[in-house]
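Enquirer: So TrEMBL lists the following for this protein:
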DISULFID  141-151  disulfide bond
DOMAIN    137-176  domain 'EGF-like'
DOMAIN    177-216  domain 'EGF-like'
SIGNAL    1-22  signal peptide
């Protein structure tokens, strides 16, 4: 990589005064890259590598030359052939060492190849000699196109870059796919699929992709389902289930949506007079503790006391009831439930008044459908 930077010309002015009278000042002009030496009365080469701060960028090394300087890669060499079998590296040449008739010359970004009967200055790697004996940069991107993807020509070299989703291989010219799915487990909410130059996220059955990485539950009950006419469709996270529209069984009869009442007290002795059926859906492995369902009395009477208990479905200690007021309580999940599964919990509310010698109970049968995934 070779770059020749020419500095601004320096005009050296010398005013010569005579003892008797002032004469017109004498001006000495040097060509670019030289400065006037008053002691020797000659134009002397300027060492820009010492005077110009950061003369070469990008890790290049600065080599002073006649009237300018060279920016060379550290592996670049100026080879001088002196007739021997093995060429030798030429040392830096000072202005006074130039042989007669071997004036240095520069043009643009090219360096002149200086030849004589005994010495030949050859072009470095990445350059080639042109018809005018200048070392001209070789555009490898046009001549050989060594890069698999993108090639950028540099002075004396070239640089390969890869498309998005690829990285440069160890040979610095080939591109290999980046497996973005290995970066993190959170690239996608469910599953990451690597593709050439990128990746995509997929969702499980019962979900659809929302955006680029999130999964959204599909409500099959609003689209297509296979529930019969006498069944109702209940959507849960990741699927749906069919439940009977009339859940009441003998000796209960349906008196409302999901509400069953026993019509014969004698037949229902020892049984709750009313059973209410409710359904809800939760994620798998939901964080705990979590308030998931509130039970509340539908009728409020003065001097009545309501008590709430978990009648069944809590054998593993997954829930407890936190009393909110005289008329309501909150079902709290204390252990995470892993799906897919169906969990049925019976919540009993007892209403009584000691003053009126009144006691009544009702049962809420809560069916909890746990989805197969934590979303």
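Placed from the backbone N, Cα and C atoms, the Cβ positions cover glycine too.
Map the listed features onto the structure and describe their local environment.
Expert: Taking a C-beta cut-off of under 8 Å and a sequence gap of six or more, residue 141 (disulfide bond) has these contacts in its own chain: 147, 151, 152, 153, 158.
When averaged over the domain 'EGF-like' (177-216), pLDDT in the model lands at 96.
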Enquirer: Report, as numbers and ranges, which residues of the same chain sit near the domain 'EGF-like' (177-216): CB under 8 Å and 6 or more residues beyond its ends.
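Expert: For the domain 'EGF-like' (177-216), the sequence-distant neighbours (Cβ-Cβ under 8 Å, at least 6 residues beyond its ends) are 163-167, 237-239, 372-373, 375.
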Enquirer: Counting each residue once, how many in the domain 'EGF-like' (177-216) are helix, strand and coil under DSSP?
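Expert: Secondary-structure composition of the domain 'EGF-like' (177-216): 3 helix, 18 strand, 19 coil.
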